[in-house]
Amino acid sequence: MDSDTVAWLYELGWNSHFAESLAALGDRSLSPGRVGADYGADFLVHLDSGTARADLSRELRTAGRHIAVGDWVALRAGGDRPEIAAVLDRQSAIRRKTPDMEVSEQVLAANVDVIFIATALDGDFNPRRVERLLTVAYQSGAAPVVLLTKADAGDAEAALAETRAVAPGVPALAISSRTGEGLDGVRQAIGRGRTAVLIGSSGVGKSTLINRLVGSQHLRTGAVHRSGQGRHVTTRRELFVLPGEGVVIDTPGLREIQLWAGEEALDQAFEDVEELVLSCRFSDCSHEGEPGCAPAAALADGTLDPDRWASYRKLQRELRSIEVRASARLQIEERRRWKALQKEAKSQMVAKRGPD
């Protein structure tokens, strides 16, 4: 690749990790691209020379390989358009449990450096939702930043103080796409060659923000009902390049986001609470009234917010429930695998022995 090609790929978020992953495939005919949108039947891919629609190879379809917006892929030329031959190793991924009864993960975006947790000050702001999304962010491997959008529609200073209380150490910005307040801080948080993703409820102004960052009306925006409920306009995840300023991924409004994380991510999101839990007199403290329970003492003297403690316990129960159900599913799949192997072995024995 010539220097101009490499420079543009770095604008898209390319780095040595992906270069090594591509080289490890051992096929010099493959070229890199980054998935910009998933259209179901095919994908929009950003190349070193613009964009193209690309198909998933038969091998990847057969293997049930899922592609996420933000993935770097190896492309094979041929026919009318390129084919996605492989997905390069991810550096990070935003995951949630699929919004159904199945115990499986859904990747919302891949290879992200910054997660913007967007919540609006016109009625959407909810500290408990911020805590949940922080847990998702810490599991992903990307750095969280809380964006208090529509800062001109509420008490920004009070919301910033409340955000810092539930997200200690996490950058928080009050912004307004209408007035331009805080947008320079958003651009700085992304940075050249880096990728950010916007997550949050419908109607918080994610698409409006991207239009301001890109500098044109790329995305349709919807009105917000007087009840404060947003109307879904973004219908798919999509990647946008901000020349010289990085990459940003827009996502549809999340009606719900069920956790798909380990308790380590929860501990990071609730670091202050975890410190209390580890301070209990007994290591097996259930925090239900035992003597020497540090959270109980903190609740009693007012140093621990009861709502924050309740949120921590709720998310902890949710994670443990998913872990148990996932373990049960794996056990069922393992039993099915062994039955299939035993059936195959029996068939081979019969074939060797011949008919009775």
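Cβ coordinates come from backbone N, Cα and C, glycine included.
Note: TrEMBL annotation is automatic and uncurated.
Quick caveat, the model's predicted, so the values are computed rather than measured.
Per TrEMBL, GTP binding site is recorded for Thr149, Lys150, Ala151, Asp152, Gly200, Ser201, Ser202, Gly203, Val204, Gly205, Lys206, Ser207, Thr208. Look at TrEMBL and you will find Cys280, Cys285, His287, Cys293 tagged as Zn(2+) binding site. Here TrEMBL flags 101-257 as domain 'CP-type G'. For 110-255, the entry in TrEMBL reads domain 'EngC GTPase'.
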PLDDT averaged over the residues of the domain 'EngC GTPase' (110-255): 86
Cα-nearest neighbour of Cys285 (Zn(2+) binding site) within the listed binding-site residues, Thr149, Gly200, Ser202, Thr208: Gly200
Alpha-carbon distance [Thr149 (GTP binding site); Cys280 (Zn(2+) binding site)] in Å: 39
Neighbour count (Cβ, 10 Å) for Ser202 (GTP binding site): 19
Spatial separation of His287 (Zn(2+) binding site) from Val204 (GTP binding site) - C-alpha basis, Å: 37
Rounded Cα separation (Å) that holds between Lys206 (GTP binding site) and His287 (Zn(2+) binding site): 39
Cα separation, His287 (Zn(2+) binding site) to Thr149 (GTP binding site) (Å, whole number): 37
Rounded to the nearest Å - Cα separation of Ser202 (GTP binding site) and His287 (Zn(2+) binding site): 36
Cβ neighbour count within 10 Å of Cys293 (Zn(2+) binding site): 21
Shortest C-alpha distance to Cys293 (Zn(2+) binding site) - which of the binding-site residues Ala151, Gly200, Thr208: Gly200
Integer Å distance between the CA atoms belonging to Gly200 (GTP binding site) and His287 (Zn(2+) binding site): 32
Zn(2+) site, defined by Cys280, Cys285, His287, Cys293: further same-chain residues with Cβ within 8 Å of the Cβ centre: Val277, Arg281, Phe282, Ser286, Glu288, Glu290, Gly292, Ala294, Pro295, Ala296
